[in-house]
(Lines of atoms letter the chains of each structure in order from A and count residues from 1; the text may use other names and numbers.)
(Lines give C-alpha, C1' and ligand atoms only; values in the text may rest on other atoms or scores of the structure.)
Protein backbone atom coordinates (compact mmCIF):
# COMPACT_ATOMS: atom_id res chain seq x y z
CA UNK A 1 0.00 0.00 0.00
CA UNK A 2 1.15 3.56 -0.72
CA UNK A 3 0.67 6.51 1.64
CA UNK A 4 0.08 10.13 0.67
CA UNK A 5 0.94 11.41 4.15
CA UNK A 6 1.78 10.36 7.68
CA UNK A 7 -1.87 10.13 8.68
CA UNK A 8 -2.66 7.52 6.03
CA UNK A 9 0.26 5.44 7.30
CA UNK A 10 -0.94 5.78 10.90
CA UNK A 11 -4.45 4.71 9.86
CA UNK A 12 -3.08 1.61 8.10
CA UNK A 13 -0.91 0.68 11.09
CA UNK A 14 -3.88 1.08 13.41
CA UNK A 15 -6.05 -1.08 11.17
CA UNK A 16 -3.40 -3.82 11.30
CA UNK A 17 -3.08 -3.38 15.09
CA UNK A 18 0.50 -2.18 14.64
CA UNK A 19 -0.10 1.13 16.42
CA UNK A 20 -1.22 1.73 19.99
CA UNK A 21 -2.86 4.94 21.17
CA UNK A 22 -1.68 5.90 24.67
CA UNK A 23 -4.41 7.87 26.40
CA UNK A 24 -2.64 8.03 29.78
CA UNK A 25 -0.77 11.34 30.32
CA UNK A 26 2.95 10.74 29.64
CA UNK A 27 5.84 13.21 29.82
CA UNK A 28 8.25 13.78 26.90
CA UNK A 29 10.87 14.31 29.62
CA UNK A 30 12.42 10.80 29.93
CA UNK A 31 9.13 8.88 30.28
CA UNK A 32 8.47 8.52 26.53
CA UNK A 33 12.01 7.22 26.03
CA UNK A 34 11.61 4.54 28.70
CA UNK A 35 8.23 3.43 27.35
CA UNK A 36 9.44 3.46 23.75
CA UNK A 37 12.60 1.54 24.64
CA UNK A 38 10.68 -1.24 26.37
CA UNK A 39 8.16 -1.51 23.52
CA UNK A 40 10.84 -1.55 20.81
CA UNK A 41 12.86 -4.26 22.57
CA UNK A 42 9.68 -6.36 22.77
CA UNK A 43 9.00 -5.88 19.04
CA UNK A 44 5.88 -3.91 19.90
CA UNK A 45 3.73 -1.40 18.01
CA UNK A 46 4.17 2.21 17.02
CA UNK A 47 2.98 4.55 19.79
CA UNK A 48 0.78 7.62 19.62
CA UNK A 49 0.90 9.51 22.92
CA UNK A 50 -2.35 11.46 22.92
CA UNK A 51 -1.78 13.40 26.15
CA UNK A 52 1.82 14.61 26.42
CA UNK A 53 2.29 16.46 29.71
CA UNK A 54 5.20 17.95 31.61
CA UNK A 55 5.06 19.44 35.10
CA UNK A 56 1.29 19.60 34.93
CA UNK A 57 1.25 21.33 31.55
CA UNK A 58 -0.60 19.57 28.72
CA UNK A 59 0.68 19.94 25.16
CA UNK A 60 -1.70 20.39 22.24
CA UNK A 61 0.22 18.02 19.97
CA UNK A 62 0.13 14.20 20.18
CA UNK A 63 3.54 12.51 19.87
CA UNK A 64 4.19 9.67 17.41
CA UNK A 65 7.03 7.38 18.49
CA UNK A 66 8.52 3.99 17.60
CA UNK A 67 7.10 4.39 14.08
CA UNK A 68 9.84 2.30 12.45
CA UNK A 69 10.43 0.06 15.47
CA UNK A 70 10.31 -3.19 13.46
CA UNK A 71 11.85 -4.01 10.06
CA UNK A 72 8.37 -4.95 8.84
CA UNK A 73 7.08 -1.41 9.47
CA UNK A 74 10.07 0.01 7.60
CA UNK A 75 9.19 -2.23 4.65
CA UNK A 76 5.55 -1.09 4.85
CA UNK A 77 6.67 2.52 4.81
CA UNK A 78 8.65 1.88 1.61
CA UNK A 79 5.65 0.26 -0.04
CA UNK A 80 7.06 -3.29 0.21
CA UNK A 81 5.14 -6.37 1.35
CA UNK A 82 8.04 -7.73 3.42
CA UNK A 83 11.64 -6.97 4.31
CA UNK A 84 13.19 -9.16 1.61
CA UNK A 85 11.22 -7.25 -1.03
CA UNK A 86 13.43 -4.27 -0.17
CA UNK A 87 16.11 -5.95 -2.30
CA UNK A 88 14.02 -5.05 -5.36
CA UNK A 89 14.30 -1.40 -4.31
CA UNK A 90 18.04 -1.94 -3.96
CA UNK A 91 18.23 -3.39 -7.49
CA UNK A 92 16.42 -0.35 -8.84
CA UNK A 93 18.83 2.00 -7.04
CA UNK A 94 21.81 -0.05 -8.23
CA UNK A 95 20.68 0.36 -11.83
CA UNK A 96 19.99 4.09 -11.42
CA UNK A 97 23.35 4.60 -9.72
CA UNK A 98 25.26 3.01 -12.61
CA UNK A 99 22.95 2.41 -15.57
CA UNK A 100 24.27 -0.01 -18.17
CA UNK A 101 23.74 0.43 -21.91
CA UNK A 102 21.07 -1.98 -23.17
CA UNK A 103 22.39 -5.29 -24.52
CA UNK A 104 19.88 -5.26 -27.31
CA UNK A 105 16.47 -4.07 -28.39
CA UNK A 106 14.62 -6.38 -25.99
CA UNK A 107 16.77 -5.28 -23.05
CA UNK A 108 16.16 -1.61 -23.91
CA UNK A 109 12.44 -2.28 -24.14
CA UNK A 110 12.47 -4.08 -20.77
CA UNK A 111 14.21 -1.14 -19.08
CA UNK A 112 12.00 1.52 -20.65
CA UNK A 113 9.13 1.31 -18.09
CA UNK A 114 11.51 1.92 -15.16
CA UNK A 115 13.16 4.89 -16.86
CA UNK A 116 9.79 6.37 -17.81
CA UNK A 117 8.56 5.87 -14.24
CA UNK A 118 11.61 7.62 -12.77
CA UNK A 119 11.30 10.54 -15.18
CA UNK A 120 7.59 10.88 -14.44
CA UNK A 121 8.18 11.08 -10.68
CA UNK A 122 9.55 14.62 -10.64
CA UNK A 123 7.87 16.39 -7.69
CA UNK A 124 5.14 18.92 -8.34
CA UNK A 125 4.53 22.17 -6.46
CA UNK A 126 1.04 22.97 -5.18
CA UNK A 127 -0.23 26.45 -4.36
CA UNK A 128 -2.33 25.57 -1.31
CA UNK A 129 -0.75 23.18 1.17
CA UNK A 130 -2.13 21.67 4.40
CA UNK A 131 1.30 22.17 6.04
CA UNK A 132 0.65 25.95 5.93
CA UNK A 133 -2.88 25.91 7.37
CA UNK A 134 -1.53 27.45 10.59
CA UNK A 135 1.40 29.90 10.69
CA UNK A 136 3.33 31.12 13.74
CA UNK A 137 5.58 34.12 13.12
CA UNK A 138 7.49 36.65 15.20
CA UNK A 139 6.81 36.36 18.93
CA UNK A 140 4.40 33.48 18.31
CA UNK A 141 7.33 31.24 17.36
CA UNK A 142 7.96 29.15 20.47
CA UNK A 143 9.48 25.66 20.39
CA UNK A 144 8.40 25.28 24.01
CA UNK A 145 4.86 24.70 22.73
CA UNK A 146 6.00 21.49 21.00
CA UNK A 147 6.32 18.26 23.05
CA UNK A 148 10.01 17.86 22.17
CA UNK A 149 11.56 14.86 23.88
CA UNK A 150 14.26 15.10 26.54
CA UNK A 151 15.51 11.57 26.02
CA UNK A 152 18.14 10.74 28.68
CA UNK A 153 18.98 12.05 32.17
CA UNK A 154 22.36 13.45 31.09
CA UNK A 155 21.10 15.19 27.94
CA UNK A 156 21.82 18.90 27.70
CA UNK A 157 18.31 19.96 26.62
CA UNK A 158 15.25 18.80 24.67
CA UNK A 159 16.24 17.37 21.29
CA UNK A 160 14.48 17.31 17.92
CA UNK A 161 15.30 13.83 16.62
CA UNK A 162 13.23 13.15 13.48
CA UNK A 163 13.73 16.54 11.81
CA UNK A 164 13.88 16.09 8.04
CA UNK A 165 16.22 18.94 7.10
CA UNK A 166 15.88 20.55 3.66
CA UNK A 167 18.85 22.42 2.17
CA UNK A 168 20.15 23.46 -1.24
CA UNK A 169 23.66 24.27 -2.40
CA UNK A 170 24.29 27.55 -4.25
CA UNK A 171 24.84 25.90 -7.63
CA UNK A 172 22.30 23.09 -7.37
CA UNK A 173 18.72 22.67 -8.48
CA UNK A 174 18.38 19.51 -6.41
CA UNK A 175 17.42 19.92 -2.76
CA UNK A 176 19.03 17.70 -0.15
CA UNK A 177 17.07 15.91 2.56
CA UNK A 178 18.89 14.74 5.68
CA UNK A 179 18.01 13.83 9.24
CA UNK A 180 20.15 15.70 11.78
CA UNK A 181 19.43 16.06 15.47
CA UNK A 182 18.79 19.57 16.76
CA UNK A 183 19.33 20.78 20.32
CA UNK A 184 16.82 23.37 21.48
CA UNK A 185 18.66 26.40 22.96
CA UNK A 186 15.86 28.98 22.87
CA UNK A 187 12.26 29.52 21.88
CA UNK A 188 13.35 30.03 18.26
CA UNK A 189 16.89 28.61 18.14
CA UNK A 190 18.28 25.10 17.59
CA UNK A 191 21.79 23.77 17.01
CA UNK A 192 22.05 21.97 13.66
CA UNK A 193 24.31 18.97 14.30
CA UNK A 194 25.30 17.82 10.84
CA UNK A 195 28.55 15.96 10.28
CA UNK A 196 31.02 17.42 7.79
CA UNK A 197 30.45 14.81 5.07
CA UNK A 198 26.65 14.94 5.16
CA UNK A 199 24.68 16.65 2.40
CA UNK A 200 23.33 19.50 4.52
CA UNK A 201 26.77 20.41 5.84
CA UNK A 202 28.26 20.29 2.33
CA UNK A 203 25.48 22.53 0.97
CA UNK A 204 26.00 25.01 3.81
CA UNK A 205 29.79 25.08 3.45
CA UNK A 206 29.52 25.70 -0.30
CA UNK A 207 26.98 28.48 0.25
CA UNK A 208 29.04 30.13 2.99
CA UNK A 209 32.18 30.13 0.82
CA UNK A 210 30.32 32.05 -1.90
CA UNK A 211 28.10 34.16 0.40
CA UNK A 212 30.07 34.85 3.60
CA UNK A 213 27.67 37.51 4.91
CA UNK A 214 24.28 36.14 3.81
CA UNK A 215 21.87 34.16 6.04
CA UNK A 216 21.42 30.59 4.77
CA UNK A 217 17.84 29.29 4.44
CA UNK A 218 16.95 25.93 6.01
CA UNK A 219 13.64 24.13 6.52
CA UNK A 220 12.99 21.31 9.00
CA UNK A 221 10.05 18.97 8.43
CA UNK A 222 8.56 17.20 11.46
CA UNK A 223 6.28 14.39 10.34
CA UNK A 224 5.53 13.53 6.70
CA UNK A 225 4.74 10.52 4.54
CA UNK A 226 6.95 7.47 5.22
CA UNK A 227 8.39 7.30 1.69
CA UNK A 228 9.87 10.79 2.03
CA UNK A 229 11.19 10.11 5.55
CA UNK A 230 12.84 6.86 4.45
CA UNK A 231 14.11 8.43 1.23
CA UNK A 232 16.24 10.71 3.40
CA UNK A 233 18.10 7.72 4.94
CA UNK A 234 18.42 5.61 1.76
CA UNK A 235 21.52 5.65 -0.52
CA UNK A 236 19.81 7.56 -3.32
CA UNK A 237 22.07 8.18 -6.37
CA UNK A 238 23.26 11.76 -6.77
CA UNK A 239 21.36 11.96 -10.05
CA UNK A 240 18.04 11.38 -8.25
CA UNK A 241 16.49 13.66 -5.64
CA UNK A 242 15.08 12.19 -2.44
CA UNK A 243 11.71 13.70 -3.37
CA UNK A 244 11.84 11.91 -6.73
CA UNK A 245 12.83 8.65 -5.05
CA UNK A 246 9.95 9.03 -2.59
CA UNK A 247 7.61 9.39 -5.56
CA UNK A 248 9.04 6.20 -7.03
CA UNK A 249 8.36 4.34 -3.77
CA UNK A 250 4.91 5.83 -3.41
CA UNK A 251 3.90 5.44 -7.02
CA UNK A 252 2.82 9.08 -7.25
CA UNK A 253 4.63 12.40 -7.56
CA UNK A 254 5.63 14.08 -4.31
CA UNK A 255 3.54 17.20 -3.73
CA UNK A 256 5.63 20.10 -2.46
CA UNK A 257 4.90 23.57 -1.14
CA UNK A 258 7.32 26.49 -1.33
CA UNK A 259 8.34 27.80 2.07
CA UNK A 260 6.86 31.18 2.99
CA UNK A 261 10.28 32.69 3.65
CA UNK A 262 12.57 31.05 1.07
CA UNK A 263 12.56 29.12 -2.20
CA UNK A 264 13.00 25.78 -0.42
CA UNK A 265 10.24 23.25 -0.92
CA UNK A 266 8.72 20.98 1.73
CA UNK A 267 6.17 18.14 1.57
CA UNK A 268 2.76 19.78 1.19
CA UNK A 269 1.14 17.38 3.66
CA UNK A 270 3.83 17.61 6.33
CA UNK A 271 2.61 17.92 9.91
CA UNK A 272 4.95 20.70 11.10
CA UNK A 273 7.61 22.77 9.30
CA UNK A 274 10.28 24.98 10.88
CA UNK A 275 11.51 27.72 8.52
CA UNK A 276 14.62 29.68 9.34
CA UNK A 277 18.14 30.84 8.54
CA UNK A 278 21.67 30.14 9.73
CA UNK A 279 23.41 33.48 10.19
CA UNK A 280 27.15 33.94 9.56
CA UNK A 281 29.38 32.92 12.48
CA UNK A 282 26.40 31.85 14.61
CA UNK A 283 27.76 28.72 16.29
CA UNK A 284 27.06 27.01 19.62
CA UNK A 285 28.39 24.12 21.68
CA UNK A 286 26.15 21.07 21.20
CA UNK A 287 25.60 18.25 23.67
CA UNK A 288 26.26 16.10 25.47
CA UNK A 289 23.55 13.67 24.36
CA UNK A 290 22.95 9.96 24.72
CA UNK A 291 23.54 8.53 21.27
CA UNK A 292 23.17 5.35 19.21
CA UNK A 293 26.45 4.09 20.64
CA UNK A 294 24.90 3.68 24.09
CA UNK A 295 27.09 6.48 25.52
CA UNK A 296 26.88 10.24 25.92
CA UNK A 297 28.88 11.97 23.20
CA UNK A 298 31.40 14.78 23.52
CA UNK A 299 30.45 18.40 23.00
CA UNK A 300 31.30 20.13 19.74
CA UNK A 301 30.38 23.36 17.94
CA UNK A 302 27.80 23.45 15.15
CA UNK A 303 25.79 26.14 13.33
CA UNK A 304 22.67 27.59 14.95
CA UNK A 305 19.38 27.73 13.05
CA UNK A 306 17.20 30.72 13.95
CA UNK A 307 13.57 29.86 13.27
CA UNK A 308 11.58 32.64 11.60
CA UNK A 309 8.25 30.85 11.46
CA UNK A 310 6.56 27.55 12.20
CA UNK A 311 3.84 26.31 9.86
CA UNK A 312 1.61 23.29 10.44
CA UNK A 313 -1.52 21.37 9.60
CA UNK A 314 -4.69 21.53 11.63
CA UNK A 315 -4.29 19.26 14.69
CA UNK A 316 -0.66 18.41 13.88
CA UNK A 317 1.21 15.32 15.08
CA UNK A 318 4.76 15.65 16.42
CA UNK A 319 7.01 12.78 15.21
CA UNK A 320 9.86 11.82 17.55
CA UNK A 321 12.28 9.08 18.52
CA UNK A 322 15.28 8.46 20.79
CA UNK A 323 18.73 6.98 20.21
CA UNK A 324 20.54 4.71 22.64
CA UNK A 325 22.38 1.42 22.99
CA UNK A 326 21.19 -0.94 20.23
CA UNK A 327 18.56 -1.94 19.55
CA UNK A 328 17.00 1.47 19.01
CA UNK A 329 14.98 2.82 16.09
CA UNK A 330 18.03 3.73 13.95
CA UNK A 331 19.36 0.19 14.48
CA UNK A 332 16.05 -1.27 13.29
CA UNK A 333 16.14 1.02 10.26
CA UNK A 334 19.62 -0.31 9.60
CA UNK A 335 18.39 -3.92 9.67
CA UNK A 336 15.77 -3.15 7.02
CA UNK A 337 17.94 -0.89 4.84
CA UNK A 338 20.62 -3.60 4.92
CA UNK A 339 18.51 -5.39 2.29
CA UNK A 340 18.60 -2.29 0.07
CA UNK A 341 22.40 -2.15 0.30
CA UNK A 342 22.99 -5.77 -0.78
CA UNK A 343 22.03 -5.43 -4.49
CA UNK A 344 23.83 -2.07 -4.76
CA UNK A 345 27.06 -3.67 -3.55
CA UNK A 346 26.51 -6.81 -5.66
CA UNK A 347 26.24 -4.75 -8.84
CA UNK A 348 29.70 -3.31 -8.20
CA UNK A 349 31.12 -6.52 -6.73
CA UNK A 350 29.23 -9.53 -8.19
CA UNK A 351 31.28 -11.90 -6.05
CA UNK A 352 29.47 -10.67 -2.92
CA UNK A 353 26.91 -13.25 -1.78
CA UNK A 354 25.61 -11.42 1.28
CA UNK A 355 26.35 -8.30 3.28
CA UNK A 356 25.24 -7.82 6.88
CA UNK A 357 25.42 -4.91 9.29
CA UNK A 358 24.84 -6.41 12.77
CA UNK A 359 22.56 -4.07 14.74
CA UNK A 360 24.77 -4.63 17.79
CA UNK A 361 27.47 -2.79 15.84
CA UNK A 362 25.57 0.51 16.07
CA UNK A 363 24.06 0.04 12.58
CA UNK A 364 27.22 0.65 10.53
CA UNK A 365 30.39 0.18 12.58
CA UNK A 366 30.83 -3.50 11.66
CA UNK A 367 30.03 -5.35 8.44
CA UNK A 368 30.14 -9.08 7.67
CA UNK A 369 30.57 -9.89 3.96
CA UNK A 370 30.42 -13.31 2.32
CA UNK A 371 32.03 -13.81 -1.10
CA UNK A 372 32.67 -16.42 -3.76
CA UNK A 373 36.42 -16.23 -3.42
CA UNK A 374 38.31 -16.48 -6.72
CA UNK A 375 41.95 -15.51 -6.15
CA UNK A 376 44.51 -14.70 -3.43
CA UNK A 377 43.91 -11.30 -1.88
CA UNK A 378 40.28 -11.26 -2.99
CA UNK A 379 39.00 -10.65 0.54
CA UNK A 380 41.16 -7.55 0.91
CA UNK A 381 39.87 -6.13 -2.38
CA UNK A 382 36.29 -6.53 -1.15
CA UNK A 383 37.14 -4.81 2.16
CA UNK A 384 38.59 -1.81 0.34
CA UNK A 385 35.64 -1.72 -2.02
CA UNK A 386 33.06 -1.70 0.77
CA UNK A 387 34.85 1.09 2.62
CA UNK A 388 35.02 3.30 -0.46
CA UNK A 389 32.00 2.54 -2.67
CA UNK A 390 29.15 4.03 -0.64
CA UNK A 391 29.31 7.07 1.67
CA UNK A 392 27.28 5.09 4.20
CA UNK A 393 30.28 2.84 4.96
CA UNK A 394 33.08 5.38 5.28
CA UNK A 395 32.67 5.16 9.08
CA UNK A 396 32.54 1.34 9.22
CA UNK A 397 35.39 0.35 11.54
CA UNK A 398 35.44 -3.44 11.13
CA UNK A 399 34.83 -5.57 8.03
CA UNK A 400 34.89 -9.36 8.29
CA UNK A 401 35.04 -11.27 4.99
CA UNK A 402 33.96 -14.93 4.96
CA UNK A 403 33.36 -17.59 2.31
CA UNK A 404 29.94 -18.26 0.85
CA UNK A 405 29.49 -21.37 3.01
CA UNK A 406 29.25 -19.12 6.09
CA UNK A 407 25.97 -17.47 7.10
CA UNK A 408 26.87 -13.82 7.70
CA UNK A 409 23.83 -13.42 9.98
CA UNK A 410 24.78 -16.24 12.36
CA UNK A 411 27.42 -15.16 14.87
CA UNK A 412 28.25 -18.81 15.67
CA UNK A 413 29.27 -19.45 12.07
CA UNK A 414 31.15 -16.16 11.77
CA UNK A 415 33.14 -16.81 14.95
CA UNK A 416 33.89 -20.36 13.73
CA UNK A 417 35.26 -18.94 10.47
CA UNK A 418 37.37 -16.33 12.29
CA UNK A 419 38.88 -18.85 14.69
CA UNK A 420 39.59 -21.58 12.10
CA UNK A 421 40.42 -19.70 8.88
CA UNK A 422 42.35 -16.70 10.19
CA UNK A 423 45.89 -16.09 11.33
CA UNK A 424 45.84 -12.91 13.45
CA UNK A 425 48.98 -11.46 11.84
CA UNK A 426 48.62 -12.56 8.22
CA UNK A 427 44.86 -12.02 7.88
CA UNK A 428 44.34 -8.74 9.72
CA UNK A 429 44.48 -5.51 7.73
CA UNK A 430 44.96 -2.33 9.77
CA UNK A 431 44.59 1.15 8.30
CA UNK A 432 45.13 4.33 10.30
CA UNK A 433 44.12 7.97 9.83
CA UNK A 434 40.79 7.24 8.13
CA UNK A 435 37.49 9.14 8.49
CA UNK A 436 35.61 8.09 11.63
CA UNK A 437 32.35 9.25 13.17
CA UNK A 438 33.23 12.06 15.56
CA UNK A 439 30.89 10.40 18.09
CA UNK A 440 33.37 7.50 18.25
CA UNK A 441 35.25 8.39 21.42
CA UNK A 442 37.42 5.27 21.02
CA UNK A 443 39.28 6.91 18.11
CA UNK A 444 42.52 8.70 19.10
CA UNK A 445 41.50 11.92 17.31
CA UNK A 446 37.98 13.26 16.84
CA UNK A 447 36.86 12.36 13.32
CA UNK A 448 40.02 10.40 12.48
CA UNK A 449 40.74 6.80 13.43
CA UNK A 450 41.60 3.29 12.31
CA UNK A 451 39.91 0.51 10.41
CA UNK A 452 40.36 -3.24 10.69
CA UNK A 453 39.67 -5.87 8.05
CA UNK A 454 39.50 -9.54 9.00
CA UNK A 455 40.03 -12.10 6.23
CA UNK A 456 38.20 -15.18 7.54
CA UNK A 457 38.13 -16.93 4.17
CA UNK A 458 39.76 -20.23 3.20
CA UNK A 459 43.31 -19.54 2.08
CA UNK A 460 44.64 -20.34 -1.38
CA UNK A 461 48.16 -21.10 -2.61
CA UNK A 462 50.03 -17.84 -2.41
CA UNK A 463 48.30 -17.02 0.88
CA UNK A 464 49.56 -20.07 2.79
CA UNK A 465 52.29 -22.68 2.33
CA UNK A 466 50.43 -25.30 4.40
CA UNK A 467 47.91 -27.93 3.39
CA UNK A 468 44.50 -26.40 4.11
CA UNK A 469 41.93 -28.13 6.27
CA UNK A 470 39.13 -30.21 4.74
CA UNK A 471 35.70 -29.59 6.32
CA UNK A 472 34.04 -32.55 8.01
CA UNK A 473 30.88 -33.61 6.17
CA UNK A 474 28.76 -36.69 6.86
CA UNK A 475 28.21 -39.22 4.06
CA UNK A 476 24.96 -38.46 2.18
CA UNK A 477 23.85 -42.11 2.19
CA UNK A 478 24.23 -42.29 5.96
CA UNK A 479 22.24 -39.10 6.39
CA UNK A 480 19.44 -40.48 4.22
CA UNK A 481 19.44 -43.74 6.22
CA UNK A 482 19.19 -41.85 9.53
CA UNK A 483 16.43 -39.65 8.10
CA UNK A 484 14.42 -42.79 7.33
CA UNK A 485 15.07 -44.22 10.81
CA UNK A 486 14.44 -41.00 12.72
CA UNK A 487 10.76 -41.55 13.53
CA UNK A 488 11.57 -45.00 14.97
CA UNK A 489 14.30 -43.73 17.28
CA UNK A 490 11.96 -41.91 19.64
CA UNK A 491 14.24 -38.88 19.75
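Glycine is no exception: its Cβ is also placed from the backbone N, Cα and C atoms.
Mapped onto three states, the DSSP output places residue 291 (active site, proton donor) in coil. Counting every protein chain shown, 21 other Cβ atoms lie within 10 Å of the Cβ of residue 291 (active site, proton donor). Look at Swiss-Prot and you will find 291 tagged as active site, proton donor, backed by sequence analysis.
Per Swiss-Prot, the feature Mn(2+) binding site maps to 176, 242. Mapped onto three states, the DSSP output places residue 242 (Mn(2+) binding site) in helix. Within 10 Å of the Cβ of residue 242 (Mn(2+) binding site) there are 26 other Cβ atoms, across all protein chains.
The prenylated FMN binding site annotation in Swiss-Prot covers 179, 180, 181, 193, 194, 195, 198, 199. Annotation note: residue 179 (prenylated FMN binding site) sits in a strand segment as assigned by DSSP. The Cβ neighbour count for residue 179 (prenylated FMN binding site), using a 10 Å radius and every protein chain shown, is 20.
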Recorded positions near residue 199 (prenylated FMN binding site) (Cα-Cα within 10 Å), from 176, 242, 291: 176
Surrounding CB atoms that lie within 10 Å of the CB of residue 193 (prenylated FMN binding site), all protein chains: 22
Fewest-neighbour residue among binding-site residues, criterion Cβ within 10 Å, set 180, 194: 194
